[in-house]
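Noted in Swiss-Prot for the protein shown:
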type: TRANSMEM; residues: 15-35; note: transmembrane segment
type: TRANSMEM; residues: 43-63; note: transmembrane segment
type: TRANSMEM; residues: 85-105; note: transmembrane segment
type: TRANSMEM; residues: 150-170; note: transmembrane segment
type: TRANSMEM; residues: 176-196; note: transmembrane segment
type: TRANSMEM; residues: 212-232; note: transmembrane segment
type: TRANSMEM; residues: 240-260; note: transmembrane segment
type: TRANSMEM; residues: 267-287; note: transmembrane segment
type: TRANSMEM; residues: 310-330; note: transmembrane segment
type: TRANSMEM; residues: 332-352; note: transmembrane segment
type: TRANSMEM; residues: 377-397; note: transmembrane segment
type: ACT_SITE; residues: Ser459; note: active site
type: ACT_SITE; residues: Asp581; note: active site
type: ACT_SITE; residues: His584; note: active site
Amino acid sequence: MNKTKGFTKYKKMRYIPGLDGLRAIAVLGIIIYHLNKQWLTGGFLGVDTFFVISGYLITSLLLKEYDDTGIIKLKSFWIRRLKRLLPAVIVLLMVVGTATLLLKSDNIIRVKHDIIAAIFYVSNWWYIAKDVNYFEQFSFMPLKHLWSLAIEEQFYIFFPVILVTLLLTIKKRYKIGFIFWGVSIISLGLMMFIYSINGDHSRVYFGTDTRLQTLLLGVILAFLWPPFKLKNDPPKVVKYVIDSIGSLSFIVLILLFFIINDETNWIYDGGFYLISILTLFIIASVVHPSTWIAKIFSNPVLVFIGKRSYSLYLWHFAVISFVHSYYVDGQIPVYVYFIDISLTIIFAELSYRFIETPFRKEGIKALNWRPSYIPQFIRMAIVVTLLIPFMLILVGAFNKYGKDIIGEKANSFDTTIEDNYLMRIAPIDNIHIDGLVSEKKKESSDVYNNIKPLLIGDSVMVDIGESFKSSVPKSRIDGKVGRQLYQTLPLVKANYSQYKKSSDQVVLELGTNGDFTVKQLDDLLNQFGKAKIYLVNTRVPRIYEANVNRLLADAAKRKSNVTLIDWYKRSQGHSEYFAPDGVHLEYKGVLALKDEILKALKKK
């Protein structure tokens, strides 16, 4: 190509409305999933759709610039990205920080830390470091969804540099494509390897290294199918093939939105890769200028939503987190969802019109202190008003209203507890949760010194730990928030292998955080030999509740040394037992569950 580098005029790539239509489908799936998982169990796959689109579109823009000018102006690219993404995020962070201070002040430290991570676009690594479960919706974390933006921004920072280097050193583009394909396979392998080691969904879900596979598939498509080189009038048979493959892929993707859930293990063993390939086929058909599927995705309603997909994504989760925190999860009235949707639309539209669009077009000039420029002046006044409490939050001026660490060393418990990120261990003395100090409440004076059971469980066990220990001083309690049944066998082998005699009593309260198989349950039960085992079933507003309770009941029928403690039945109709998440226990719930367990243990 004969051109002087940097001087040939760059022609802007044509607008592709079908991609906005696809963005609309993706963001609607995500919003529905976060409103209520049971409505669209695989809606979280919309994030992967965004990743593939981002990889494809960014690479296409960069390749177009390189083909037109012989150079890629990295500084200009990064400035455009910042103008497009950063202002709306900063406003979201300021609003969420201020709202947390006013409405949820006991969470201010947690949210402050999340804000700092979001500012530097490292939210995903922050949540990995704090062992946060993405699919766990029991805690108030209104910025947790920013993990995906962190991955995209990290991609925007490093990928262009790598692309420019490869373009300047390797002349054959198919070789560059093979390099990116190889890296995507490595990323896929990392996800499969890490998941096989510890079965940790969140590590592989949040990790830039493990999610890079999806972005790079979009990159590869840009090399194979650049939108600026597609012909307007291909042969009819070609259009038919493109439309057929794209339509079939879209139908399968939508079916997966309904079929897959966060407990579907195969998606971590290559599933995300295959699903992203489906998205590639959809994109390939949508960006072609002559296909009918492109016309369908260019529907004005879908395009309208798609153009606002960034703002909708930013605001929906924060709105849902605040609104739902005042209701019991699983018992949310229908009108609350209308409130969620209405507030999301309002905030997203305000953000799109008055933050996202002006800053994208004008940059810092979108702010102005001169009253004659009314929109800019109002925008500036609002930003400054929010900025004052925001900066005070960041410097820790309001830390006194929230607590970051709870629990103390007590008796035989390991009580190094981080409340904010779901790492509580059952304490005995004072409990500090989200800034609230809960002194021991006066309970029944009955003390049972003649039994010494082992209790293993998740966050519900943590909730009853203090109360149960006061009634059964010789009990041994091991509760950890987020624990799942499949994670418990190594713990038992390492620490509790002595509980195998027929005189031993073992209480297992597991199932709050996810499903398990018959084999996983039996392997755990068999580890306790002849001990009397008591299985506490669960009440959790999640799709796996019924199956968990069925497996526990079946085990009690199959094994003579296993007894079912029917917490599901005992708690039926007692919303006063539960915190707003519908799972964790208020004081009355603590006493009720303790009573159920004690009744079973006293029968021996």
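Even glycines carry a Cβ here, placed using N, Cα and C.
Structural mapping of features recorded in Swiss-Prot.
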{"residue": "Ser459", "record": "active site", "CB count, 10 Å": "24"}
{"residue": "Asp581", "record": "active site", "CB count, 10 Å": "20"}
{"residue": "His584", "record": "active site", "CB count, 10 Å": "23"}
Pairwise Cα distance for His584 (active site)/Ser459 (active site) [Å, integer]: 7
Contact check, the transmembrane segment (240-260) vs the transmembrane segment (43-63), 3+ Cβ pairs under 8 Å, seq sep 6+: yes
Any contact, the transmembrane segment (85-105) to the transmembrane segment (267-287), with at least 3 Cβ pairs under 8 A: no
Paired segments the transmembrane segment (212-232) and the transmembrane segment (310-330) in contact, 3+ CB pairs under 8 A: no
Inter-residue C-alpha distance, Asp581 (active site) and Ser459 (active site) (nearest angstrom): 12
Long-range environment of the transmembrane segment (377-397) - Cβ separation under 8 angstroms, sequence gap at least 6: 91, 93-95, 97-98, 101, 108, 111-112, 115-116, 354-355, 358, 366-371
Three-state secondary structure, Ser459 (active site) (per DSSP): helix
In three-state DSSP terms, the structure that Asp581 (active site) belongs to: coil
